[in-house]
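Undergrad: Structure incoming, see below.
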Amino acid sequence: MGPDAASVPKAESSEESPDEIVVKVISESDSNDASTATDPESSKRPEGGVPDKSYPCSTCGKIFDRPSKLERHKPVHTRKPKTLHQCQHCEKSFTQQEKLIRHQNCHSRTNKHPCPDCGKVFNRPSKLERHKRTHSKKPKAPHQCSYCTKTFSKLNKLVRHKRMHTGEKPFTCAVCGKGFSESGHCKAHEKTHEEQPEKPHCCTDCGMCFFKASELRRHFRSHTGEKPFRCSLCESCFSRSEGLKRHMRSHTGERPYKCIVCEKGFYSRQDLNIHGLTHSGEKPHLCPVCGKGFSQLGNMKEHEQNVHIKSEKYICNECGATFTRYKSLTKHQRTHTGERPYLCLTCGRRFSWSHSLSRHRRTHTHRQMSMDTSKDMSSFEGDSVNPGATG
């Protein structure tokens, strides 16, 4: 008698339950050869007079004591994965194709929807509509100016605004007695009379000194020409991260700094402060030749260059045109190079000048409004036809 028959006594097999018999069959097949447990033909042969009731899975070899359990197990291998639709641009996958199509809009530039008020871009029209409500939820402005049509939500803002019309300057400098319409402008002016503390970190190239070593390192890039911060949309480079942030607003149209007098928006706080001088009347930059005052340093230098020096410093290498400002030369050179650094995020079209991009953006706004109007009209016409339809 072979070892397999000796390991399973006949006397015990007649008293054991079917579940116990299955356990013994598994242990025998594991101890001898794993292939016999997964072989359907070998599992059909009775061993030692014991009726075989093991049903192995032909895919993974798992054994069951009933055919019904085996049939319930088989779909595990044939079941399709849940995530069938995968995005070609990223690793996200979706169970429904409609969700995939909605998701892919965030990768497509042609489906970007900019806000006409602030320039913020959204990947769905529904999100844009929700965002627009943040602009329409402005508080009521019950205080109206008696000199113009502007209205204000708070009385103190109206009072400050009226000083622009009346010329009132209630804030005076404690040192020189100069008057200002805003307390902030007055305090900023008074600091010009204070003795500046020592600046220990000085530039070896130009002698300019700074309070912090980090400020000196940033300044030194103006001599080396290093510009480590690059725009991802138009590849313009900047020596400071702040410059890149301000530049990105020229693409998005965002103007977060608002003038409290006229509510005009600006890309940077520095531009807002310079603009504020037009309301205060302060002209701190004096021409060293004639003494004429200017609110902006650039305007003073331009005056000095054009009126007193008259040296046409910057010359175009292509056509010989001359300019008094380097910025004007760089703008002019785009007519030769074809450079278009200003990108429309809605359609991908590029422009040479920022004002051309701003004018172009309005075409998308008007087109979107006309599309919305046509949709409303079509839905209205459909509603008017359906009640009269007969089945």
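Including glycine, each Cβ sits where the backbone N, Cα and C put it.
What TrEMBL says about a protein is an automatic prediction, not a curated fact.
So TrEMBL has the following annotated:
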REGION    25-58  region 'Disordered'
COMPBIAS  28-40  compositional bias 'Polar residues'
DOMAIN    55-82  domain 'C2H2-type'
DOMAIN    85-112  domain 'C2H2-type'
DOMAIN    113-140  domain 'C2H2-type'
DOMAIN    143-170  domain 'C2H2-type'
DOMAIN    171-198  domain 'C2H2-type'
DOMAIN    201-228  domain 'C2H2-type'
DOMAIN    229-256  domain 'C2H2-type'
DOMAIN    257-284  domain 'C2H2-type'
DOMAIN    285-313  domain 'C2H2-type'
DOMAIN    314-341  domain 'C2H2-type'
DOMAIN    342-369  domain 'C2H2-type'
REGION    358-391  region 'Disordered'
COMPBIAS  358-367  compositional bias 'Basic residues'
Undergrad: Could you check whether the domain 'C2H2-type' (143-170) and the domain 'C2H2-type' (257-284) come into contact, where contact means at least 3 Cβ pairs under 8 Å with the two residues of each pair 6 or more apart in sequence?
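TA: Between the domain 'C2H2-type' (257-284) and the domain 'C2H2-type' (143-170), which are separate recorded stretches, there is contact, as judged by 3 or more close Cβ pairs.
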Undergrad: Could you tell me what the rest of the chain brings near the domain 'C2H2-type' (314-341), counting residues at least six beyond its ends with Cβ under 8 Å?
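TA: Hits for the domain 'C2H2-type' (314-341): 234-236, 302, 305-306, 350-353.
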Undergrad: Taking the domain 'C2H2-type' (171-198) as the first stretch and the domain 'C2H2-type' (342-369) as the second, find out whether 3 or more Cβ pairs fall under 8 Å, excluding pairs closer than 6 in sequence.
TA: no
Undergrad: In the same chain, who gets a Cβ under 8 Å from the domain 'C2H2-type' (229-256) while lying at least 6 residues past its ends?
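TA: Counting only partners 6 or more residues beyond its ends, the domain 'C2H2-type' (229-256) has Cβ contacts under 8 Å with 114, 118-121, 218, 221-222, 265-268, 341-343, 345, 350, 354, 357-358, 361.
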Undergrad: The domain 'C2H2-type' (342-369): which same-chain residues, six or more beyond its ends, come within Cβ distance under 8 Å?
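TA: Long-range Cβ neighbours of the domain 'C2H2-type' (342-369): 109-110, 112-114, 116, 119, 121, 233-234, 250-253, 331, 334-335.
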Undergrad: Suppose you look only at the domain 'C2H2-type' (314-341); what would the mean pLDDT be?
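TA: So the average pLDDT across the domain 'C2H2-type' (314-341) works out to 83.
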